[in-house]
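Trainee: Summarising the annotation, Swiss-Prot assigns NAD(+) binding site to Gly212, Lys213, Gly214, Ser215, Glu216, Ser217, Gly218 and lists similarity to another entry as the type of evidence. According to Swiss-Prot, the feature active site maps to Glu256, Cys290, an assignment based on similarity to another entry.
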Amino acid sequence: MAVNVRDYIAENYGLFINGEFVKGSSDETIEVTNPATGETLSHITRAKDKDVDHAVKVAQEAFESWSLTSKSERAQMLRDIGDKLMAQKDKIAMIETLNNGKPIRETTAIDIPFAARHFHYFASVIETEEGTVNDIDKDTMSIVRHEPIGVVGAVVAWNFPMLLAAWKIAPAIAAGNTIVIQPSSSTPLSLLEVAKIFQEVLPKGVVNILTGKGSESGNAIFNHDGVDKLSFTGSTDVGYQVAEAAAKHLVPATLELGGKSANIILDDANLDLAVEGIQLGILFNQGEVCSAGSRLLVHEKIYDQLVPRLQEAFSNIKVGNPQDEATQMGSQTGKDQLDKIQSYIDAAKESDAQILAGGHRLTENGLDKGFFFEPTLIAVPDNHHKLAQEEIFGPVLTVIKVKDDQEAIDIANDSEYGLAGGVFSQNITRALNIAKAVRTGRIWINTYNQVPEGAPFGGYKKSGIGRETYKGALSNYQQVKNIYIDTSNALKGLY
């Protein structure tokens, strides 16, 4: 399926500030390409510090009125955004596929619908949110209010551009904040098109979208004195810098960072379910998922039964044109990511690891202009191996044999990360005991990589701070105010 890019994407995009697309302070632009073909899709404005300052000041001004907008009005606007996203689902999904390289079947069924659902969800959350009143005694009352923080500064990664943006924008504006958000410079196009929906629905200045380099305008957002709350999804290395900026300015930060999650397959697992779950864990979105189940821990009793099934399953995955609805895996998002994956394959070949499936870039049948890689399965001798400790961020699965549940738990916890994990077992008690023992923010049982609204998502250890995608995430974007009332009209007698 070939599409006319200009039916979906503009030739150039400005910065979205105060409800309008505007020129930046510099004439510099960044080329945005289709990673599956190398084709130029658009050019975006390269924001500078002056543009960040402009956007933050606009957001500060908009906050004065937006923070006073009633919950019912805000909720209706969030629902309108969600409705319009769904009405334009096919168009926005195609933009995401063209810009990111992921299959159209994923962007149509997951990325855009789930983004829309987050706006609907947080509309309901604020409508049902209630403060509390505590009658301390007959003359004293304590009222607890939840108030917006102010201007949110956010930067999101390139692997789920629209969905990750929705994770931050929806709760932030639902709580009454305004936001300055920057998508990755390589995958900004879906959010820039969705800005047209914000333009229709929201007051000016509530959502402002900058484009540029993370090391430039992204860093300027996080270090701006006018930003009251930071939110970031990306690598742990950059997460440290964001945390440092938050500490320097004494503002709160929500960080969703890297992972090296363990997917544990017990000897009583339903193997049909496990094979599907393993593929969901490592091949979904080409393995470019922070929660990817990239360490497979298989009970020794079923190892020789499961591994050949995985080899066959991996070899049958259709990797190809992301616009083809039959494609199961598309292109990696860029050359840097492909090179990183290849470096780990080279490390495997130079070590005592054994490549059981895949391990090659795909260039035949018209794939030579993109960044396509085979689903790859690699057996490593133990969890100390480089491939079992470091985040690869691609369709590369390391498999380790374990003798019992405790060894699986110990290996799962032997990581600097703690974002997610999985357990496959037909014994729910056994699975729950492992889930409770593994130190991660999310554990799936008998499935993997499901990320609906209404279930908290976030990590332990170096995988981040805070939780998103559930009603408690609203508190990330709120201040708690206590109003303490004494109705006795009596002196205390201390002075």
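Glycine is no exception: its Cβ is also placed from the backbone N, Cα and C atoms.
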Trainee: What does the structure give for the C-alpha distance between Lys213 (NAD(+) binding site) and Glu256 (active site)? Integer Å is fine.
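Mentor: That separation, Cα to Cα, works out to 19 Å.
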Trainee: Return the residues near Ser217 (NAD(+) binding site) by Cβ distance under 8 Å, restricted to its own chain and a separation of at least 6 in sequence.
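Mentor: Residues satisfying the criterion: Arg46, Ala47, Lys48, Asp49, Asp51, Val52, Gln182, Leu210, Thr211.
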Trainee: Counting across all protein chains present, how many other Cβ atoms fall within 10 Å of the Cβ of Cys290 (active site)?
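Mentor: Looking across every protein chain shown, the total is 27.
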Trainee: Taking just the CA atoms, what is the gap between Gly214 (NAD(+) binding site) and Glu256 (active site) in Å?
Mentor: 16
Trainee: Measuring Cα to Cα, how far is Glu216 (NAD(+) binding site) from Glu256 (active site) in Å?
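Mentor: Taking the Cα atoms only, Glu216 (NAD(+) binding site) lies 20 Å from Glu256 (active site).
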Trainee: About how far apart, in whole Å, are the alpha carbons (Cα) of Gly212 (NAD(+) binding site) and Cys290 (active site)?
Mentor: 23
Trainee: Which recorded positions (Ser215, Gly218, Cys290) fall within 10 Å of Glu256 (active site) by Cα distance?
Mentor: Cys290
Trainee: Since the record lists Gly214, Glu216, Gly218, Glu256 as recorded positions, which of them has the fewest other Cβ atoms within 10 Å of its Cβ?
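Mentor: Output over recorded positions Gly214, Glu216, Gly218, Glu256: least Cβ neighbours within 10 Å is Glu216.
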Trainee: Starting from the Cβ centroid of Gly212, Lys213, Gly214, Ser215, Glu216, Ser217, Gly218, the recorded NAD(+) site, name every other residue in that chain with its Cβ within 8 Å, sequence order please.
Mentor: Ala47, Gln182, Ser185, Asn219, Ala220
Trainee: Work out how many Å separate Ser215 (NAD(+) binding site) and Cys290 (active site) at their Cα atoms, rounded off.
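Mentor: About 21 Å separates the two Cα atoms.
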Trainee: Quick check on the binding-site residues Gly212, Lys213: which one has the highest count of other Cβ atoms within 10 Å of its Cβ?
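Mentor: In terms of Cβ crowding, the pick is Gly212.
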Trainee: Tell me, by DSSP, whether Glu256 (active site) is helix, strand or coil?
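Mentor: The three-state answer is strand.
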Trainee: For Ser215 (NAD(+) binding site), list the number of other Cβ atoms lying within 10 Å of its Cβ atom.
Mentor: 11
